[in-house]
Amino acid sequence: MSAVDTARTGSGGPGSGGPGSGGAGAGAPATLLTRVRRAGSKQLLTMSGQLVAGVGNMIISALFARVLLPGEYAVLVSFVSAYVLMHMVGSSVTAAVAIDPGLHKRLFRRGLALGLGIGAVLAALSGVLSPLLNLPVPVIILLGAAGPSAVLLALARGRLYGTQSVGGTVATLITEPIGRAVIGLLLGSVIGPVGAAVGVVAAGYAALAAASIAARRRPEPLPRLAEDTGRHARRARTGDSLYVTVTFLLVACLASANAIFSNRQLGPGEAGVFAAVATIGSAAYFATGTIPMMLSGSRDSGRSSLLVAVGVAGAVSLAGVGVVALLPARAYAMVLGEHYASVGDYVVAYVAAMAALGIGRVLIAQLCKTGLARAAAVLSALSVAVQVGVLIPAHSASAVVAATAAGCGMLLVGSAAVLLREARLQRAMVVVDPEASRTAVRPSAAPAPAAPPVVQRVPLGSKIKALWPLWLAMGIGIGLRVIVTRSIWVDEAISIQQAQLPYPDMINTLKNDDVHPPLFHTILWALVHLTGSTAEYIVRLPSLLAGTACIPISFAMAKDLWNRRTAVVAGFVVAVAPVAVWYSQEARMYGLWMLGATILAWCQIRILRDIKEGKGYGSLADWAGFTVVTAAMIYVQWFTALPIITQHLIFLIAVLKVRKWRFVRNWLLSAVVQLILFAPLVPYMLDQFGNIIAAQGASTAPSQTGSDTATTGKPDVYAAVANTIWSVWGYHADSTMVQLGAFWPVAVLMCFAALGRVRDRTNLILATIAVAPPAMLFLVGFERRQFFELRYFDSTVPMLLLVLARMAATWGRGPLTKLLLPVVTIASLGAGLIDQQINQSNPRVYDFRGAVGWVKANSQPQDVVLYAPNFLRTELEYYPSGLTTLDANSAHPSRAQTGMPAIPKQGRRVFVFGSFLEEPQVAGQVGGVLSDLDRASNTKRLAVHSVANVKVWEYQQLPPSKSDTSKADTDHTKQTKGGK
């Protein structure tokens, strides 16, 4: 049995006093309070040394910033980052040695040889690495000189952590900043960054000497288990240690790679600014550096050590974030110099990311300690991949900060999720008594001695393999959401334009000129400003993530509410559902709204199921999820009020049936908290609605699709059927929708058949949530026809898809129909998706990207673009043609009085850019412009280019004849005299 297995099973070593005792007395188990105190004292003492070291290093770095020029300081920070990365590679070995201190003796010679080899390689390749890393050759040679100390110091500190030598650990920690101060500052002020680097390397060797001296006091590491010997145990320890080493190596990359990337990809000034930000953030990160190591060396197999470690790391991290948040921006310039005045713009976000990484590292250490080192390695690798993927295109300090936050956040969330799942699985373990069956069948006079219980667990690999239908569905879903993309459409372009404003200006614009709450726009604003990009894949990322998340959420929901077969069908149905794919590709709030609505329905059904089955009145997690997500969805879309009203009415009906005070109390408390969370939005809502009323509901938005499906200006059965078809099978050409709408009697009969088979409350609740909001908007549509439109109740789509999946999974009776019904259902959705995505006659598809591309390919810099209607301005700003662009209302193309540039001799081209031509007002406006151009003697139509719902006319302007010029002058003179 390995050391990791020992910790996992909760056995103690000799003298440990039993599981988790910590040796409190002669074999007597210590109380939880005693263990917490003991673990807390060790953590706090060790962390105090780390804090002294961190503060010392931060002060010394600030002094270096004063002594060196910004470019030299950036070189030093890059060297320190590489140096730290080398030592953090060693820290991965430190964690493995802390778990098994016996590794120190076995790895010492190999570590020395490895360190010398690293130094020799770096020295030999210094000339090649210098231009790649943008570092001087002497600095790279010094980095190689630090190789032996990095490996040996890691082994020595690991033994100190494993033997719980607090005094020795503190001594080796505080030695390093003292060495940097004495040697580095002295040499740095004389010979620049090379001298400062010499001081850093010398300080590392001084810390190694301190660790070696401290280790002599405890030459023999504390033993692990007595049975932890033998060839198989050694192999197990070696495998575990390898995964631990790889895990902490990847965590080291996550912490240090950004500084190296920034020095390579950013300009000298911005690289220096980010270097200062990274220095401050690294102080917050290293302040918690000892916590996971002490946790790894602890023999407490219970939760006390973990709780103490997480609590201390969280407190230190929050304190660090609070300090940098409270400091005024001017303080950074005063401390670091005027060159670093913009540090305050990035430091809070970066320190928060480092704080998340510090807590995540503690959780990763717990995973390694409890035998889940392989899962920890996978999580760390995924986090690094996310960070590098965002770092590669990063060309601004804000983008580098965003990349760091993405990687660190993923590590924290992923490790917490694995630990929580592991804890839940341990509570749900099946204990089988091997003697139970024997004694039950053949009772004996004397009871048989109890055999040790056997714990049956499903390996993690088997669980992952068992979910292969979900992985396949997610792969298909992601592929369908990225393989065919539409150009940015008008509403998206408006949102992107708003997201580029300063945040207060964006909020004012939303209140005055928009009709949506601010949460999605805030997410988009943060993404645009963090990445510095408005590329299609960037602005659509929130919707893509939300739409993709709907697949596993629907799978888990269907499995929880019904069974695995329904879950598999639901996963594939949501993966290929046309509307789910559509709104995953749009930089608007609808994909996020669908995800939130799914979670809301799931929480409510779980609460009502617990009440029905007598398991209580809803768990805290379900009520909290319902409450918080409800409030969040109000911040995303005002029309969330409709499903909220529906779900609270369902709760009211349940209250009237159950009549239990605890249920009423929970429901009322949830409603009150929802109102409290909604209260900050009330002033915004009143301002926005007041502006809408003042404008008398005027809107410049384009007309809604599907006007041909209704025979009147009021909603009717054809409109209802059309919206139902859109909800399930996607958007299609108007002619197709009219033909399908003719089958509305068949649809009604199918609905009655479905209602006849709805026998459980889950189906009934989902159907109610799916039908009630559209029914409300159907009634509203008699007053405002534009409100009866799918995007205003697309939160009901996931419920319809779940009901459809349930029908497909259960309606089949024989083996053939059980197979064919889900296949036919998913195939029909796939057919609808294909038509929706590639059919250019789809009235929802607008190929502005392709139209502008054609203009750019056929134009010269002096050409002009006239566009109509006027809200196409945002489209042409997002897809710039590089030409003078004018609203057709404000420019008369056939006259010189328009103020357009003078016509060159070779002629100039005018492109008339038109869309939404089915609207009479727009058609008349574009027709007037085309008529003027056709009648003008100095213009000639060259071509007409049509793409999906966009049309471009190309004209060439010729130099005006003398008669046209004299006539225009005469007309102008007459108008002037008439005006007088």
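A Cβ is built for glycine as well, from the same backbone N, Cα and C atoms used for every other residue.
Heads up, TrEMBL stuff is auto-annotated, nobody curated it.
For 10-26, the entry in TrEMBL reads compositional bias 'Gly residues'.
Annotation source TrEMBL lists compositional bias 'Basic and acidic residues' at 964-974.
Sequence annotations record features per position, and here TrEMBL assigns domain 'Glycosyltransferase RgtA/B/C/D-like' to 516-683. When averaged over the domain 'Glycosyltransferase RgtA/B/C/D-like' (516-683), pLDDT in the model lands at 92.
According to TrEMBL, the region 'Disordered' annotation covers 1-27 (among others).
Taken from TrEMBL, the feature region 'Disordered' applies to 958-980 (among others).
Look at TrEMBL and you will find 44-67 (among others) tagged as transmembrane segment. When Cβ-Cβ distances below 8 Å are used as the criterion, the transmembrane segment (44-67) is approached by residues 73, 76-77, 80, 166, 169-171, 173-174, 176-178, 180-181, 184-185, 188-189, 196, 276, 279-280, 283, 286-291, 294, 312, 316, 335-337, 340 of the same chain, each at least six residues removed from its ends.
If you look up TrEMBL, you'll see 73-99 (among others) marked as transmembrane segment.
Positions annotated as transmembrane segment by TrEMBL: 135-156 (among others). Using a Cβ-Cβ cut-off under 8 Å and counting only residues 6 or more beyond its ends in the same chain, the transmembrane segment (135-156) has close neighbours at 75, 78-79, 82-83, 86-87, 89-94, 97, 103-104, 107-108, 111-112, 114-123, 125-127, 129, 172, 193-194, 197-198, 200-201, 204-205, 207-208, 211-212, 215.
Feature annotation from TrEMBL assigns transmembrane segment to 241-261 (among others).
Long-range contacts of the transmembrane segment (306-327) within the same chain: residues 36, 39-40, 43-44, 47, 51, 280, 283-284, 287-288, 291-292, 294-295, 344, 347-348, 351-352, 354-356, 358-359, 361-363, 365-366, each at least 6 residues beyond the stretch ends and with a Cβ under 8 Å from a Cβ of the stretch. Here TrEMBL flags 306-327 (among others) as transmembrane segment.
A Cβ distance under 8 Å defines the sequence-distant neighbours of the transmembrane segment (347-364), meaning residues of its chain 6+ beyond its ends; these are 247-248, 251, 254-255, 277-278, 280-282, 284-285, 287-289, 291-292, 295, 306, 309-310, 313-314, 316-318, 320-321, 324-325, 332, 376, 379-380, 401-402, 404-405, 408-409, 411-412, 415-416, 419, 530. Sequence annotations record features per position, and here TrEMBL assigns transmembrane segment to 347-364 (among others).
What TrEMBL lists as transmembrane segment is 398-420 (among others).
The annotation transmembrane segment is assigned in TrEMBL to 537-555 (among others). Same-chain residues lying 6 or more positions outside the transmembrane segment (537-555) and placing a CB less than 8 Å from one of its CB atoms are 470, 473-474, 477-478, 481-482, 485, 488, 492, 495-496, 499, 520, 523-524, 527-528, 531, 567-568, 570-571, 573-575, 580-581, 583-588, 590-592, 594-595, 598-599, 602, 798, 801-802, 805.
Annotation source TrEMBL lists transmembrane segment at 567-584 (among others). Counting only same-chain residues 6+ beyond the ends of the transmembrane segment (567-584), those with a CB under 8 A from a CB of the stretch are 469-470, 473-474, 476-477, 480-481, 543-544, 546-548, 550-552, 554-559, 590-591, 594, 726-731, 790-791, 794, 797-798, 801-802, 804-806, 808-809, 822, 825-826, 829-830, 832-833, 836-837, 844.
Sequence annotations record features per position, and here TrEMBL assigns transmembrane segment to 590-608 (among others). Within the chain carrying the transmembrane segment (590-608), a Cβ under 8 angstroms from the stretch's Cβ atoms is held by residues 520, 523, 542-544, 546-547, 549-550, 553-554, 557, 560-561, 580, 583-584, 617-619, 622-623, 625-626, 629-630, 632-633, 636-637, 640, 643, 647, 650-651, 654, 666, 761-762, 765-766, 769, 791, 794-799, all 6 or more beyond its ends.
Among the features that TrEMBL reports, transmembrane segment is placed at 667-686 (among others). Beyond its flanks by at least six residues, the transmembrane segment (667-686) meets 507, 510-511, 517-518, 623, 626-628, 630-631, 634-635, 638, 648, 651, 655 of its own chain at Cβ-Cβ distances under 8 Å.
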Check your understanding: What same-chain residues lie close to the transmembrane segment (398-420): Cβ under 8 Å, and 6 or more beyond its ends?
Key -> 251, 254, 258, 261-262, 266, 274, 277, 345-346, 349-350, 352-354, 356-357, 359-361, 363-364, 366-367, 372, 375-376, 379-380, 382-384, 386-388, 390-391, 527, 529-533
